[in-house]
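Here TrEMBL flags 177-261 as domain 'DUF6534'. Annotation comment: TrEMBL describes 315-340 as region 'Disordered'. What TrEMBL lists as transmembrane segment is 25-44, 56-81, 93-115, 127-154, 166-191, 203-224, 236-259.
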Amino acid sequence: MSTPAALVPSLPVVAKIILQPPLIGSLFAMLVYGITCLQTFFYFQTYPHDPIFMKLTVALIWILETVHTGFMISFLNFYLIEGFGNSLVANSVNWDLLANLITGFGVLYTVNLYYTWRSWKLSRNCAVGVLLAVLASVRLAFGIVAAAFCFPYGRTWQTTRQHILWGITSTLALGTVEDTLAACIVAYYLYTGRSGMNSTNHIVGRLLAYTMATGALTALFEAIELVLFLVYPNNILYLGLVLVQTKLYANSLLMSLNLRKTLTKRKRFTIGPGAIGMNNLHLPATLNPGQSSDGQSSDMNILVLGRDVKPTNISHEFSESSPSSTIARDESESGQNDSF
């Protein structure tokens, strides 16, 4: 009788230190998962003509996110229902929590590869693609190995931290560096590719704002998680953010694809008396380092929003439109031309 009585006063402390962060993080993560489902449905309904590899990427993201959420529900049930009132259970690292983390690393890796591909297509620089791909792969390896190391050490939070400190620290540090670097690379090539046209610069400015916002958000989450992990060794505050971070990564990719329709609807902008459609915009060749010998820039991909923009003759477009008219496309044709 004395043992349970001695444990009772410590239970509120255990619950607050160990169970509260993953509980709050899981609630927010499930909310964002609902947005993920909505964005996935919107993508397949709106962009049926996208390349098959992009559809498979979106499907893979949604499947991994669903599995990630399932493991989240499982470990919450283990800690809060099956182990209710048991401090030993609360202090243990259960298998479904580790499976949740490993699945999350899969989501992060998939999204990072997409951003790596986007950065390479925009820069046409193999070194950029290789660097980001290596960072993503090393980050994945550290994360999976650190999660796997949790099993043979008694699986308590104290022993786990002692043995995987190097792995968690490396994973979070690499994530911060990679997210910041990927955003800066895309922003650099967009910024240096600005032309003297105010309308073109306005579009590039919008793309820059979106790129820096998404990159800064994910990098900020990684940095805060790293600080919490190092500053609070007896707490798992960082875990709540880790659960939400995975959902933010998935939504950043889906949003970059789904924003194409919004950009298409705003494709008309005025230069003088006429209007030029977004799809007929001739972006400067400096945006694409690869230029042919005849001076014509090759196809420029605005990969920040996941769509191709083919350079055309703007003067021809002016001759086709009267001063009071605007260039419009049929809505059904828009779905085909907005492919990735």
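Here the Cβ of each residue, glycine as well, is placed from N, Cα and C on the backbone.
Under 8 Å from some Cβ of the transmembrane segment (127-154) lie the Cβ atoms of residues 93, 95, 98, 101-102, 105-106, 108-109, 112-113, 115-117, 119-120, 160, 162-164, 166-168, 170-171, 174-175, 177-178, 181-182, 185, all in the same chain and six or more residues away from its ends. Each residue of the domain 'DUF6534' (177-261) gets a DSSP state, and the totals for helix, strand and coil are 75 helix, 0 strand, 10 coil.
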